[in-house]
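*Asks:* So TrEMBL lists the following for this protein:
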TRANSMEM  16-40  transmembrane segment
TRANSMEM  98-124  transmembrane segment
TRANSMEM  136-156  transmembrane segment
TRANSMEM  204-221  transmembrane segment
TRANSMEM  233-250  transmembrane segment
TRANSMEM  262-279  transmembrane segment
TRANSMEM  299-317  transmembrane segment
TRANSMEM  329-352  transmembrane segment
TRANSMEM  383-405  transmembrane segment
Amino acid sequence: MTFVFEIAPGKPPVGVMLIILAVVAASATLEATGGLKLMVKYAERLLRKHPEHVVFLGPLCTYTLTVLVGTGHSVYPLLPVIYDVAYKKGIRPERPMAMATVASQMGITASPIAAAAAVVMATAMSNNIDINLIDVLIVTIPATLGGLLVGCLWSLKRGKDLDKDPEFQARLQDETFRNSLIDAEQETSAEEEAAQQRTATKGLTVFLLGILSVIIIALFSKELLPKGVGMSVAIQFLMLSVGAVILLATNISPKKIVSSNVFTAGMSAVITIFGIAWLSDTIIGHHKPYLVELVSGMVNIYPWSFAFAMFFVSVFLKSQAAVLTIMLPLGFALGIDPAVLIGVIPACYAYFFFPFYPSDLAAISFDRSGTTAIGKYVLNHSFMIPGFIGVGVATVLGYTISMMVN
């Protein structure tokens, strides 16, 4: 476009990319220590203690993991646990599995260390509007939790019970399929497990203290942050410091960090945002007067309708931070009330629409009963209705809460 149409390049979202890099570095270091597995272990204990409530507890656990770690890719170790607990209890695995992956992505906007909240603050600052981390989280946490719980409530009775599902019962006649439904348990020595536990505990303790420091600084940013240092920059150096302290405290191999699932997924997210967000900023920046004139009439009368625009963009972008990076500047340019923009933040997650996101595919793969699946017509998949319910309710709640508190 620059060479052929002579369109001036927009600005790449460097700040957002740096936040993602810092958070991914810390989260990947945590995973390398076994800290992520330790959190999954605690979640597993909860699920196995109350298997009858797995439809609610499974999604709540994946949501909490995302809020703490800052990335939805932390869900993978927990998915086979959710499947195992559900199947052994005779609960259709699709019920908790589909909602669990949706919940893991809904937790991104409720996380104090994810890039989504930082994008809101950075964009507001560039438009001379004062929005801090607490302003965002006080809306997104109750809103996404509400959407999650309503989605779980709907999931309680979705599909047929396994003993009444003719398709599953027919497949159960195949001995190979029947034997593949449950894994044989693997044992580790007590000494090896104790050593892994110590390293993981150290890493997890440092990581949680890092999150706590981010929240404290967000609460008292005016008193604690030096002049000229914004919250976005603070998150960057705090999370890099957390990763460094974990590395020094546990003495793990750096090779484990770069080969971790979180690091690989995080780097993919950075590259995606770098390319797509930069391209989008270039196009929107060049056509901004036309776009503002085109949609200003609608958003002036119904400002909440901006949520539909965010939702539509997210269907194709597959990144909530990228959606916010592209859409929030347009929202501010349209003169939409900041309270409205904060309220509709949950609508930036819509990539459940096409079931090709890694966590969705992982849920399908881990559900060996075959109940979590992509339908014949692609769009009739297991994640569609839970996604619409969760995001829809969260957006309505977010808008309502934001208009009340802001």
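From the backbone N, Cα and C atoms, a Cβ is placed for every residue, glycine too.
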*Asks:* Can you work out which residues elsewhere in the same chain, 6+ from the ends of the transmembrane segment (16-40), have a Cβ less than 8 Å from its Cβ atoms?
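*Replies:* Cβ under 8 Å, 6 or more out: 65, 68-71, 74, 77-78, 81, 113-115, 118-119, 122, 196-197, 199-204, 207, 210, 232, 235-240, 242-243, 246-247, 250, 252-253, 256-258, 260-263, 266-267, 269-270, 273-274, 277, 321-322, 325.
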*Asks:* Taking the transmembrane segment (233-250) as reference, which of 98-124, 136-156, 262-279, 299-317 has the most Cβ pairs under 8 angstroms?
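*Replies:* Against the transmembrane segment (233-250), the leading stretch is 98-124.
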*Asks:* Ranking 98-124, 136-156, 262-279, 299-317 by Cβ pairs under 8 Å to the transmembrane segment (204-221), which is first?
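*Replies:* Between the candidates 98-124, 136-156, 262-279, 299-317, the best contact partner of the transmembrane segment (204-221) is 98-124.
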*Asks:* Between the transmembrane segment (299-317) and the stretches 98-124, 136-156, 262-279, 383-405, work out which stretch tops the count of Cβ pairs under 8 Å.
*Replies:* 383-405
